[in-house]
Amino acid sequence: MKKAYVKSYGCQMNAYDAGRMADVLAAEGYSATDTVEEADVVVLNTCHIREKAAEKVYSELGRLRVLKGERAESGHDTRIVVAGCVAQAEGREILSRAPAVDVVVGPQSYHRLPDLLRQSRETRVVDTEFPAEDKFDHLPARRNRGVTGFLTVQEGCDKFCAFCVVPYTRGAEVSRSVAAVVDEARRLVEGGVREITLIGQNVNAYHGNGPDGAPATLGHLMDALSAVPGLLRLRYTTSHPNDFADDLIAAHATNPLVMPYLHLPVQSGSDRILHAMNRRHTGDAYRRLIERIRNARPDIALSSDFIVGFPGETDADFAETMRLVSDIGFSAAFSFKYSPRAGTPAAEREDAVPEAVKTERLAALQDLLDRQRHAYNAASVGTLTEILVEKTGRHPGQVAGKTPHLQAVQFDAPASTIGTVVPVRITRAGSNSLFGETLEGAAAAA
């Protein structure tokens, strides 16, 4: 049987797309492999958010060129595909830089992958168009991959933040209909999925057609999904502060399937830098939004994204970011040094922050965020919480899952609990995971 190796870089959307490309190839008779050396088709599903991520792809392509040659010497053909946002942004440039690549395909065209692979027998192929048809209408049924699953409901972004390539690589905001999303969710649950994370570049800008033909909000969509039998939990990511509607806030208080966790990027605490980033909100507007969300769901866990060293950022600007982090308190966060991306307005600026200053600021920010994360996890010790068991744990007799607040937990229980929700008493907080015991385990130890 033919074998396909699919490697994904970057965001949850890419993870979803990688899985769907594997589904497309499976429908053509390819079995998935984790061993690139035995693959007849190698797909790199790429990320273009930061320069380092893009350069990793070219390093990997250099290694694949050698592998392709070695397999050819032993009589095996290998097709190499570059997909995702680097493919969309760089197109034919990839063919120039990486001679071993056979197919370059953008994120809106991967449903055509079988045809593109056939065409590549004759000539190298680039498809980075934004097709008129909806790719989701041409994708095969999804294969079950576990207890949790991503489900794309929205793609693209109209915000045009000054640092971001997404509007150029993913296009304008488009949303799937409520019916299409509910249908895919129902099939996921029938396959064993119990928690679904709704994903989009700007997921709370969701505006797919509802049952009456009128645009529905993300809150309305989650209400519809809560009626899917067997679905236990709902999450969503990534959101923009400017699209946070009242009904979405209300969903955190009224919909029992919506988990008390929110990833809401702010990027900076400085109003001057937020304006330069074209974020169209202030630090205080973000604070007020968080206050409203916490009023609706007091126990909600908050996560965010931060960029340090954006062009023109001063010590005073960075101090405002540190103040915002201190004011709000996060359970987790992602922070990065600014990386210029070609074609974005920020890349044209000449007031770059020195690399050494970026490094120093990032270290200070990450130290504060790490302290907040450790404090948040430590506060969980002694609490009783419901864990959705996702898989076996690191040690025999152990399983692993997540709290409603997206904290990883390890505890002793049989593998038969996978896919169920188990009450667990948290007994210890590690650096990245919590540890606990079931009520039965605690009683036995007493």
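Cβ atoms are placed via backbone N, Cα and C, with glycine included.
The annotation domain 'MTTase N-terminal' is assigned in Swiss-Prot to 2-122. Across the domain 'MTTase N-terminal' (2-122), the prediction's mean pLDDT works out to 91.
If you draw a 10 Å sphere around the CB of CYS11 ([4Fe-4S] cluster 1 binding site), it holds 19 other CB atoms from the protein chains shown. Taken from Swiss-Prot, the feature [4Fe-4S] cluster 1 binding site applies to CYS11, CYS47, CYS85, supported by sequence analysis.
Taken from Swiss-Prot, the feature domain 'Radical SAM core' applies to 143-375, supported by sequence analysis.
Annotation note: CYS164 ([4Fe-4S] cluster 2 binding site) sits in a coil segment as assigned by DSSP. The [4Fe-4S] cluster 2 binding site feature in Swiss-Prot is assigned to CYS157, CYS161, CYS164.
Per Swiss-Prot, the feature domain 'TRAM' maps to 378-440; the stated evidence is sequence analysis.
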Inset, instruction - Kindly report the helix/strand/coil residue split of the domain 'TRAM' (378-440) according to DSSP, in that order. - result: 6 helix, 33 strand, 24 coil
Inset, instruction - Can you figure out which of CYS157, CYS161, CYS164 (the binding-site residues) comes closest in space to CYS47 ([4Fe-4S] cluster 1 binding site), comparing Cα atoms? - result: CYS164
Legend entry - Tertiary neighbours of CYS157 ([4Fe-4S] cluster 2 binding site) (same chain, Cβ under 8 Å, six or more apart): CYS164, VAL166, PRO167, ARG170, ALA172, GLU173, GLN201, ASN202, ALA205
Inset, instruction - Using C-alpha atoms only, work out the spacing between CYS11 ([4Fe-4S] cluster 1 binding site) and CYS161 ([4Fe-4S] cluster 2 binding site) and round it to an integer in Å. - result: 17
